[in-house]
């Protein structure tokens, strides 16, 4: 019987295609699927493929007006997750035609849209995406990338140093600018607006921008080094955000900042385009990421958010610290750090990388290590992240007993000591504490910092097994 047959049929009849050979132009997704009891994994995987592409809950007359074979998502492989009784990794291939060019927003609306509320699934998590070269090429990506940033700043062969200004809320613009100046004068490369500093009653954005610019230029003149402060342009509307970025450019400062998840991908991509056109670097904070990536079984892994940011655009992004965390997390963090920085990343399941990713020369993003780190962590951070990173010490600078500038000196001395030791062939993993102790002999600022944070231990043995 030719023609339209109404009724509800199993998704797996149309959307589960184990024989499908993936195309180079397909977007590939790895989902961690936890079906409701009694729902077979093939049906669950097919349901995800259907709901995130062309399907709906019943057959519809209009299906006959298009070629589903050309446009449907396909669940092409299912693997049980080791150690979990009812959980599977379902691989889905999406034809490229389903997505608008150059739009992370559209990509996510499809892939992580309705399917996540689907009743037949207990939970659903997107673990990784393979972005085909053909789609990557529709994105501008980071405004400048790692090499251009180094050339702009004239800083080579070491990680960059930053510091988030605290207390994050409540300082007046002038006192805020003073804190920025002290840190930069002491030897940091960057200071940072906290992610929640936008434009509040105690400090309006324009006043902050002016005082921070003054701090930047004064400290540059004194130190002979290029300095920057991440001026947070995040705002309630895209127009206001761009207005703030324009003012930053008029002041002649080198870098602005955006909260890309709360601000949204559309706003972020607009800002990234503005930054490239106007020579501004763009620092990205990931506020709200844990709402999306914290649950093991539901949501989206941060590596997907990191890939999306590289497509949308940003020159720096916060990426965790690794230090003192568990071993597995270290490998997985380094996995998405490589996805941010490198041009080509091989599939490696032990590091959470489900697909080989070729970025076809899209500029790289500097990972930012921030949160709870201090001078004793410096050898570990230098070893783990290497030169292409930004190490941010908020409390680890401002908590110095003698003040911000000595705190900055302590961090810079510790970093330079670690880089020199590494370049001389010493083993940072084994000799880290010794290297810091030696350096503190000729730097009273570092000695004072070592004293304050000496009680805070961290696990360093694990490094040897990497």
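Each residue, glycine too, has its Cβ placed from N, Cα and C.
As recorded in Swiss-Prot, the features of this protein are as follows:
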ACT_SITE  166  active site, proton acceptor
ACT_SITE  285  active site, proton acceptor
BINDING   114, 164, 168, 286, 318, 370  substrate binding site
BINDING   192, 194, 195  Mg(2+) binding site
MOD_RES   5  N6,N6,N6-trimethyllysine
MOD_RES   192  N6-carboxylysine
SITE      325  site 'Transition state stabilizer'
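Feature map: Swiss-Prot annotations on the structure.
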| residue | record | Cβ neighbours (10 Å) |
| --- | --- | --- |
| 5 | N6,N6,N6-trimethyllysine | 8 |
| 114 | substrate binding site | 12 |
| 164 | substrate binding site | 24 |
| 166 | active site, proton acceptor | 15 |
| 194 | Mg(2+) binding site | 18 |
| 195 | Mg(2+) binding site | 22 |
| 285 | active site, proton acceptor | 28 |
| 286 | substrate binding site | 23 |
| 318 | substrate binding site | 22 |
| 370 | substrate binding site | 21 |
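Separating the Cα atoms of residue 370 (substrate binding site) and residue 5 (N6,N6,N6-trimethyllysine) is a whole-number distance of 58 Å. When the binding-site residues 168, 192 are compared by the number of other CB atoms within 10 angstroms of each CB, 168 has the fewest. Within 10 Å of residue 192 (Mg(2+) binding site), judged by CA to CA distance, lie the following recorded positions from the set 5, 114, 164, 286, 318: 164. Comparing C-alpha positions, residue 164 (substrate binding site) sits nearest to 194 among the recorded positions 5, 194, 195, 285.
Residue 114 (substrate binding site) and residue 166 (active site, proton acceptor) have their C-alpha atoms 40 Å apart, to the nearest angstrom. Of the chain residues outside the Mg(2+) site list 192, 194, 195, 164, 165, 168, 193, 196, 197, 230, 232, 257, 285 have their Cβ within 8 Å of the site's Cβ mean position. Across the fold, the C-alpha of residue 168 (substrate binding site) and the C-alpha of residue 285 (active site, proton acceptor) stand 14 Å from each other. Of all the recorded positions listed here (5, 194, 195, 285, 286), 194 has the Cα closest to the Cα of residue 166 (active site, proton acceptor).
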